[in-house]
Amino acid sequence: MTSTSPRPALVWFRDDLRLSDHPALAAAASTGRPLLCVYVLDEVSEGMRPHGGASRWWLAQSLRSLQRSLSAAGTDLVLRRGAAAAIITELAQHSSAAAVYFNDVATVPARAVVAELNDRLAALGITTHSHLGDLLAAPELIRGKDGRGPKVFTPFWKRLLALGAPPQPLAAPSQVSAAPAPASDQLDSWALQPTTPDWAGGLRDCWQPGEQGAQRALQQFLDQAIAGYASDRDRPDRDATSRLSPHLRFGEISPRQIWHAARFAAAAQPAISADVDKFLSELGWRDFCRQLLFDQPALTTQNLQTSFDRFPWRDDEAALRAWQRGLTGYPIVDAGMRELWQTGTMHNRVRMVVASFLVKHLLIDWRHGEQWFWDTLVDADPGSNPGNWQWVAGCGADAAPYFRVFNPILQGEKFDPNGDYVRRFVPELARLPAAIIHQPWTATPLELASAGVTLGKNYPAPIVDHRLGRERALAAYATVRKN
Ligand SMILES: Cc1cc2nc3c(=O)[nH]c(=O)nc-3n(C[C@H](O)[C@H](O)[C@H](O)COP(=O)(O)OP(=O)(O)OC[C@H]3O[C@@H](n4cnc5c(N)ncnc54)[C@H](O)[C@@H]3O)c2cc1C
């Protein structure tokens, strides 16, 4: 850089892989300085949880998409891997950056990285600018007298709504000038994508990672599925939800873009107002779980209710494996687990059913399920995943009551009444009639034979009897109440 060229502004991309409604990018671009855009894959700073396999696949696609968008806007994306505070400092110093811009990630480890960065850059006389993060509201805005957030969703949501609508989303900068870019890692060298074997075929078929894919998913949802969301969102056999969660996880779209687009749709079509309210409250659960994580950084490993610390979990490697592979003998559970494996996602209702089955029918520690989801979900989220697992297990905030043991047969019959969801993911049961598809062991030998099903051969018999599993779970949960 010559002494006359303007000092660049460094934009540090984090969980916000988009150009529109990116407050840090917008602020940096508005200075008129050339931009140095950087992404750091930081899995080494204290408390950073390395991505699971499916998320790594998503991240690779998302970064490629961001590289294309930035290049169309006139600049590059520099990729680096390692401890973010040290890397951003080094890049800012060597590029003679005037300032560093980024959006807040409201977790304790991410804030600690920023604190370290602030110290390092202050010593060099480089300013930092932190902007509104990827939540509807920063955790600090919803605190009780004890300095912590509400532990129950409804008061949390009321507090959030009382803050008023989040700010209007910002447009993407149309053209930016690029600062000379230092050397970048090659994305392929990070080996984020599976190769031997390449198990990502199902993911490629289902998803379009990146900002354009996120906007398309939102538009499609608002055009085609929002009407009826409040009642249909529990139906895994229907395309009734937004499928925005992985896009949100990587910040390819912001919650406030979703908020305003949904409110706009409701203003144009008042009949869908109740559906929009329900949809936005679901979005609120994401903020709620992040806030739980903010208050309890060990959410992934520690029971929120310590009375569960002596819970009599069972060690049962074979049952865990049957659950992971979708071979429990309960069709709705197996369909969910296979949907997860094939597509990197699972319908929310079915997530609750399979999670309940693992922790209650099988009495396997929720942490095993959380870790499996973490590795296989494209939307694996550091707050929502453990937060929901703890909720289902009964040890979390606002937890499901201990005596609620989902009946996988009734859940299947109620939410997949024709068995279409099961048929899609458990093809060996596809020819069973709807009346018995959720409990094939009750079928007559003739019904099984004409559907080509041989229990114990091409589809397992139930690995645990529902009634006995339920009673065993209630007995185990009774010990917690004694604690
Ligand atoms: C055991 C278990 C584990 C889960 N793990 C995750 C996870 O790792 N990442 C994740 O994003 N969601 C998780 N969820 C929540 C929920 O299942 C998904 O957010 C939802 O299925 C995503 O589909 P969608 O985008 O079509 O949802 P929609 O119904 O369209 O909802 C819109 C958005 O609201 C948010 N949302 C909806 N429900 C919840 C919820 N219960 N908790 C938190 N946010 C919610 C998501 O960001 C979602 O994209 C989990 C739920 C359970 C029961």
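Going from the start of the chain as shown, residues are counted 1 onward.
Quick reminder: no glycine exception, Cβ is built from N, Cα and C everywhere.
Predicted automatically and left uncurated, TrEMBL annotations should be read as such.
What TrEMBL lists as domain 'Photolyase/cryptochrome alpha/beta' is 7-136. Restricting the average to the domain 'Photolyase/cryptochrome alpha/beta' (7-136) gives a pLDDT of 97.
Sequence-distant contacts of Ala380 (FAD binding site), defined by Cβ-Cβ distance under 8 angstroms and a gap of at least six in the same chain, are His51, Gly52, Ala54, Ser55, Arg249, Phe373, Trp374. According to its DSSP assignment, Ala380 (FAD binding site) is coil. Annotated FAD binding site per TrEMBL: Tyr229, Thr241, Ser242, Arg243, Leu244, Ser245, Phe279, Asp379, Ala380, Asp381, in sequence order.
Residues or ranges marked as site 'Electron transfer via tryptophanyl radical' by TrEMBL: Trp313 (among others). The DSSP secondary structure for Trp313 (site 'Electron transfer via tryptophanyl radical') is coil.
Its own atom aside, the Cβ of Trp366 (site 'Electron transfer via tryptophanyl radical') has 24 Cβ atoms within 10 angstroms in the protein chains shown. Residues or ranges marked as site 'Electron transfer via tryptophanyl radical' by TrEMBL: Trp366 (among others).
DSSP assigns Trp389 (site 'Electron transfer via tryptophanyl radical') to a helical segment in the three-state reduction. Around Trp389 (site 'Electron transfer via tryptophanyl radical'), the C-beta neighbours below 8 angstroms that are at least 6 residues distant in the chain are Ala355, Trp366, Arg367, Gly369, Glu370, Phe373, Gly396. If you look up TrEMBL, you'll see Trp389 (among others) marked as site 'Electron transfer via tryptophanyl radical'.
Here the C-alpha separation of Ser242 (FAD binding site) and Trp313 (site 'Electron transfer via tryptophanyl radical') works out to 35 Å. With DSSP states grouped into helix (H, G, I), strand (E, B) and coil, the domain 'Photolyase/cryptochrome alpha/beta' (7-136) comes out at 57 helix, 27 strand, 46 coil. Same-chain residues at least 6 positions away in sequence with a Cβ under 8 Å from that of Trp313 (site 'Electron transfer via tryptophanyl radical') are, in sequence order, Leu363, Ile364, Asp365. Checking the recorded positions Tyr229, Ser242, Trp313, Trp366, Ala380 against ligand 1 with a 6 Å cutoff on the Cβ atom leaves Ser242, Ala380, in sequence order.
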